[in-house]
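For 20-43, 55-72, 84-101, 113-137, 218-240, 304-323, 343-363, 384-405, 417-437, the entry in TrEMBL reads transmembrane segment. The domain 'Cation/H+ exchanger transmembrane' annotation in TrEMBL covers 32-442.
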Amino acid sequence: MGLELATYLVRSGILATSDHTSVVSINLFVALLCACIVIGHLLEETKWMNESITALFLGLFTGVVILLTTQGKSSHILVFSEDLFFIYLLPPIIFNAGFQVKKKQFFRNFMTITLFGAVGTLISFFTISFGAIWLFKRMDIGDLDIGDMLAIGAIFSATDSVCTLQVLNQDETPLLYSLVFGEGVVNDATSVVLFNALRNFDLVHIESSALFKFVLNFFYLFVSSTFLGVFAGLLSAYIIKKLYFGRHSTDREVALMMLMAYLSYMLAELLDLSGILTVFFCGIVMSHYTWHNVTESSRVTTKHAFATLSFIAETFLFLYVGMDALDIEKWTLASDSPANSVGVSAILVSLVLVGRAAFVFPLSFLSNLTKRSPDEKISFRQQIIIWWAGLMRGAVSIALAYNKFTSSGHTQLRGNAIMITSTITVVLFSTVVFGLMTKPLINLLLPAHRHSSDNNSEPSTPKSLIAPLLSSLNGSDLEIADHPLNRPSSIRLLLTKPAKTVHFYWRKFDNAIMRPIFGGRGFTPFVPGSPIEQSVHGGD
């Protein structure tokens, strides 16, 4: 298996041409991944150091060793490839986020999550872009045009809230966890859609009609990508429900779920849509319908398999970032003006801080105006945590920066090299410094005795490889409410309690039409060997 992977990577140009070098590289990287898991486990109790920070430090250490071994010629064993990231590593991370999300909390706060994740990302994008245009033109950082500046805004609008999620407890603070997690996923999708839309936008001839076309294209990508993900999820549910592969082989139904999820992502990329949005909503739909149509053993297998793939992919990315931070090629090009490199990094960190604050506090105020219950409002302490959670930058920012400023991982332009090294510096600084300060900040703002006020929603969940994203193994929580919903009797109720009203009509539509066709909890086919048949016989 390792040799086959090495051969593929050689042919695709990701690794060196020597078979021996390729095999050594694969072995070293797998060993480093194992070390990240072991060290992360040993540091689990402190929660000061998560796997992301551990992988960064291991990558840095390995990069130093490789630099010394090669006498300063190279610091990494892999050359960055956008295909490796966007086609192989990102899909399992995003799909698992949708598949394992606590759907009840996610959709209960969907409007606020969308407000932060979509509108907030746009505000952050404009803040960072205009700040970069105004400040960078006063610095000698190479030939960067207006398109590059706008791309910088999209690149640094993509957040990475994994450090905060690993400290927060979704059972103790369900509202806060739901907002931070949901905003992170929508933010990544918005940033990538925005980045792709900018590439197709004519920045030379900017007219009102062109701006309108840009906005229209942006929303088209959002709606089309979401629809494709929902369609792929429903199609998988229908096929598995009708054919019920589990009666012959659980391997087939597990394989079909994995392949159809990946197919939805690749189809979105083929159609120039957002694969992130597509595979995320495909994961949500699969967990609500498809997952209930498979056997009990397949349910456990898929849930842990998706979490494991996501965990490995994310650790791999941070490990690579740590190695590439010492890439001698880019630092040599940027070393002509070290003061400019430091200045660019400092400016970008400052713009990230300002851009984040520019929307978190105003949008929280607007969101609170629509809430009547104090428990549903976002307190000022929670707003600070939400602001802090979005300060860290991660794999998406790195990938977009490489996509914009390099060609197959390399660059010979000084301005591009400065932007790559600055991006790596910002990612390292934000992940390590802000990440290490996350736990003491949350303990300061949310003491233990304050957590109980939020403890009203989700059942406790078993810990797994990626526990913050896992929901109960008992099934989908989209259809479970803490209290039965009363039938809305007027438009006034729709205006005063839109979330509960929409939820009521959705449950009614779901139970009457969707589940009889696509399956789901309570609609698993009665087939010999099926979960329904086993539960019936078990109860006799």
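Including glycine, each Cβ sits where the backbone N, Cα and C put it.
In this chain, the transmembrane segment (304-323) touches the transmembrane segment (20-43); three or more CB pairs sit within less than 8 A of each other, excluding pairs fewer than 6 residues apart.
Counting Cβ pairs closer than 8 Å and at least 6 residues apart in sequence, the transmembrane segment (417-437) and the transmembrane segment (304-323) reach three or more and so form a contact. Between the transmembrane segment (84-101) and the transmembrane segment (384-405) there are at least 3 Cβ pairs closer than 8 Å, counting only pairs 6 or more residues apart in sequence, which means the two stretches are in contact.
Non-local neighbours of the transmembrane segment (384-405) in the same chain are 52, 80, 82, 85-86, 89-90, 93, 116, 148, 151, 154-156, 158-165, 168, 176, 179-180, 183-184, 187-188, 191-192, 195, 314, 317-318, 321, 352-353, 356-357, 360-361, 364, 378, 411, 413, 416-417, 419-420, 423-424, 426-427, 430-431, 434-435, 438, 441-442, 445-446; each lies 6+ residues outside the stretch with a CB under 8 Å from one of its CB atoms.
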